[in-house]
């Protein structure tokens, strides 16, 4: 409210939402009581009832769905808050772990386990991370619903479960490594979103590419060969398996499966950008283009024109709508 919003306004981001649908009692009743995405048969019935063209009714429903979604200013403020938290907690974690012996030798995570002291800095690190992920868990149900809603829900559950479980079992040393590793790339994605909302597209592309590299290196490289190696094999060797050991590693492996899924989405997005010479829409997003259906018709009559292959207008090789970091 006092920092992000003034920054957004200075960058020229307006507090204006998408095009609002014109008032219509019949369509509004169908939208709120029956369906938000009517099928062809229902569209034809509404067309006869209102004496409207089917395409006009489709546009109305699309505008009606979009008008309830957050404005660019709202999304900018949310991303700036997350960017601030991820960046701050990452540097806090790095500063704390830099002097920790288990940061350089993961076998130190299991020496003298479970009789390992819980320092105040380690305690606050855990509490801050746990509180943040609980907030994400609750806000996910009020934010715009994305295609990866279920994946994110499982991720938040696994993360909260890991933080809580590792704290209760005093596995806090390896827990801090997992937390810091996951924070290493998150602030870069939020930076890409901020650049996108401010229409600095080349900066957005650079941040996203950097995010993709860091994400893949940390989640597909360091995480399995550093974190999973110590929790699965070094812990087995030093303290042996026990009932909660299986649950702890089960949650960590679940996270690794999610890492593979997200890495695939990131690589596919980057591949499209390189091959087509443009940025495509984020595969997670359910935001609808305000002209997606009209473009189908216009492209069929205009032939080759100054639109991209998915119907989005481009400037200097960058799409002006439906960016890959669009929320």
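Glycine is treated like the rest: Cβ placed from N, Cα and C.
Features reported for this protein in TrEMBL:
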type	residues	note
DNA_BIND	29-72	DNA-binding region
COMPBIAS	301-327	compositional bias 'Polar residues'
DOMAIN	27-71	domain 'Homeobox'
DOMAIN	74-275	domain 'TLC'
REGION	283-327	region 'Disordered'
TRANSMEM	83-103	transmembrane segment
TRANSMEM	123-142	transmembrane segment
TRANSMEM	207-226	transmembrane segment
TRANSMEM	246-267	transmembrane segment
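According to DSSP, the secondary structure content of the domain 'Homeobox' (27-71) in residues is 32 helix, 0 strand, 13 coil. When pLDDT values are averaged over the domain 'Homeobox' (27-71), the model yields 82.
Among residues of the same chain six or more beyond the transmembrane segment (246-267), those with a C-beta under 8 A of the stretch's C-beta atoms are 148, 151, 154-155, 158-159, 161-162, 165-166, 169, 171, 178, 211-212, 215-216, 219-220, 223-224, 227-228, 231-232, 283-284.
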